[in-house]
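Student: One structure is given below, represented as structure tokens, and several questions about it will come after.
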């Protein structure tokens, strides 16, 4: 097992990464004994509710099982969780536990942020995407018909328990969705890790224990460093270090909104976004053309999509990207690559190059 | 005009207090020029929307007018505000403005806390209660059928503009509701201010400019000091300085929940809660009996209620108080007086004394 610390002063917390963690109650001693409620979804409950119920000594009435899927990540579900927490009288010094993927983690983290003005919570991520990305860093929230993650809060967990053994039951599409975020870390901050991914992608796809452990560890390590520098994405008015984690995400959110969050997984949209960001960075003359090709080739080698959904037009991108949270004072900011492993936030790019990228990828 | 600073490091902000502030745009220069949206209620709009629209140079589509009253402080209204903000595309570096009393301030502050994971907001409180209490300190939130303020967040405003001239149009009941919170400050932290209130209550009730200015200033000053010590009510596990601001509030929340937030104003319920807290403190032998009598007499002298609603029974109090946010690990904590001007948080009081107080005040 590896343990990483997210260094945020009083809000610091450990991330434990390894196999078999769900049967190690000693990892939970740091949070103390207190009233708990666990929220999960039906798919995850089928596989992991039994061990986690035992790990945390929970009764049935302390567990809420929600429908699986992105549509659960809504204000309607927040209302449902609030009703349940209040009916079951979780006190303010109680603890919420999120057992599941990114949808459950984001939703439950947001509920923890606003229940009685904030209670503590623990993340037990069971998907690769959640383990390498969404369970770490305190971004929580739900979707709105007008945009993804439009309602939310920054609220750090007290502990992240990433049992990589849970990835064995992950459907292929969800595994790939997580790999998209892993590729993102290589592209945005570590060319050597990118090269490691090129060499080890088949081991990673086969869920080789050591390859998975290293990929999760290195991704979390990079995210923890960035979050420690810029917890609330507020440095430089949102153009600071944390914004770099959004590489490919402005394109990805447009794809997800276009498909109403139902057809594409977040990571699949991110895969396309990474290809588009690499393409644009090369058109601007910032990223070497061969390195942009390597990015697109690595995405393609996994089986992830490298193009937006059929029928999505240039104008669809333009409209949906203008609603992005990274639009500041009317100007679109994108995360772009100066070279492989070196991302920057920029609103100062040639809009004709963006048009060319949109035409290249759009219908 | 007086200006106070709430000292919270990067989240520090000024409170301007005085008459005629709504026609002084220079007070807003510190927040810069940026996209704004204003939310108010129908009663306040009638009196103050015209000057504030001019002060902030707002168009009609940048203004949302909600129904007046406590029922507006709900998750349903939060959904409505989110829809409106997203439809009107307020960017993340935009600013929300709350123009109104405690309901509008708490609601809009909460919307600012969760819109795109948090945007800045300005408080323009137009009731005495909001000027002396709810607009300062960053507590935001909405009610739930199972309890008051059960859903919310800590989110500090960037500026508070308390134009005491707006109190002239305040209905008598709302004015008294604010005076209850002013009395609270004297009781919890400043015996000299309490004595000043005894001497100057008729001037305050007559809205004498100088009396109002001093009462608002001294109340905000005390609140700012306490909030600076304990921003999130987290010191000593919620038993620290900020908890003292809840003097009388556990009883008051029970009254408000019992009357479904519709019949009693928050400040009216606080008035009763202050009397009950003084009574209990005297029964415990902590507060001198004559000082408890002074507290109840000062409340009574204003015309505020000193008894709970008819028919509210001892058991109603017991049930509703057990849901209070200040219940920690199953133990009820109350704010009590060791002497006039010296409040403490305590879970270590004789429960028979509490029973006696509940029997004395309940039906």
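For all residues, glycine too, the Cβ spot is worked out from N, Cα and C.
What TrEMBL lists as domain '3-dehydroquinate synthase N-terminal' is B:64-174. Residues or ranges marked as NAD(+) binding site by TrEMBL: B:102, B:103, B:104, B:105, B:106, B:126, B:127, B:139, B:148, B:166, B:167, B:168, B:169. Feature annotation from TrEMBL assigns domain '3-dehydroquinate synthase C-terminal' to B:178-327. For B:181, B:249, B:266, the entry in TrEMBL reads Zn(2+) binding site.
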Student: Write down the Cα-Cα distance for residue B:148 (NAD(+) binding site) and residue B:249 (Zn(2+) binding site), rounded and given in Å.
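Tutor: Cα-Cα distance, residue B:249 (Zn(2+) binding site) to residue B:148 (NAD(+) binding site): 11 Å.
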Student: Distance between residue B:181 (Zn(2+) binding site) and residue B:127 (NAD(+) binding site) at the Cα atoms, whole Å?
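Tutor: Roughly 12 Å, rounded to the nearest whole number.
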Student: Where among the binding-site residues B:148, B:249, B:266 do you find the Cβ with the fewest other Cβ atoms within 10 Å?
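Tutor: Sparsest of the binding-site residues B:148, B:249, B:266 by Cβ contacts within 10 Å: B:148.
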Student: From the Cα of residue B:169 (NAD(+) binding site) across to the Cα of residue B:266 (Zn(2+) binding site), what is the distance in angstrom?
Tutor: 19
Student: Using DSSP, break the domain '3-dehydroquinate synthase C-terminal' (B:178-327) down into helix, strand and coil residues and give each count.
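Tutor: Breakdown, helix to coil: 108 helix, 0 strand, 42 coil.
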Student: Residues other than B:181, B:249, B:266 within 8 Å, Cβ to Cβ centroid, of the Zn(2+) site?
Tutor: B:129, B:133, B:180, B:184, B:248, B:252, B:267, B:269, B:270, B:273
Student: Tally the residues of the domain '3-dehydroquinate synthase N-terminal' (B:64-174) by DSSP class, grouping H, G and I as helix, E and B as strand, and everything else as coil.
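Tutor: The composition, in the requested order, is 45 helix, 35 strand, 31 coil.
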Student: List nothing but the one residue from B:127, B:169 whose Cβ has the fewest other Cβ atoms within 10 Å; the candidates are the binding-site residues.
Tutor: B:169
Student: Any idea which of the binding-site residues B:106, B:181 has the thinnest Cβ neighbourhood at 10 Å?
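Tutor: Across B:106, B:181, these binding-site residues, the one with fewest Cβ atoms within 10 Å is B:106.
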Student: Just to confirm my parser: what is the rounded mean pLDDT across the domain '3-dehydroquinate synthase N-terminal' (B:64-174)?
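Tutor: Overall, the domain '3-dehydroquinate synthase N-terminal' (B:64-174) comes to a mean pLDDT of 95.
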